[in-house]
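Contents: one structure, followed by commentary.
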Amino acid sequence: MLLTILHLIVGILMAIMVLLVSLLVIGGINNILLMIPALAFLTSLGIIMHKSGYKNIATGIGLGAIVLILVTFFFFKLIG
């Protein structure tokens, strides 16, 4: 149980780090479509983790990506 929770947390942190680094490289959230390469990387990373047997880390990657995209989208809607 504890290992499952830790794997989910690791996956969520991996997704958040990848998306935040992509936002820093882009230079802001002016164009959310520029996050597509980061999402493609996260998708491939999630598939590799799932095939390797780390299904909880893959689930965490997916959850982290979805949550960060929704937060970014709503933040962008509130500002713009």
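Keep in mind that glycine also has a Cβ here, set from the backbone N, Cα and C atoms.
In TrEMBL, annotation is done automatically, which means it is predicted and not curated.
So that you can see what the record holds, here are the features copied from TrEMBL:
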DOMAIN    1-80  domain 'TLC'
TRANSMEM  6-25  transmembrane segment
TRANSMEM  32-50  transmembrane segment
TRANSMEM  56-76  transmembrane segment
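Cβ atoms under 8 Å from those of the transmembrane segment (6-25) belong to residues 34-35, 37-39, 41-42, 45-46, 49, 54, 56-65, 67-69, 72 of the same chain, restricted to positions at least 6 beyond its ends. For the domain 'TLC' (1-80), the DSSP-based tally of helix, strand and coil residues reads 71 helix, 0 strand, 9 coil. Same-chain residues lying 6+ beyond the ends of the transmembrane segment (32-50) with a Cβ under 8 Å from its Cβ atoms: 11, 14-15, 18-19, 21-23, 26, 57-58, 61-62, 65, 69, 72-73, 76.
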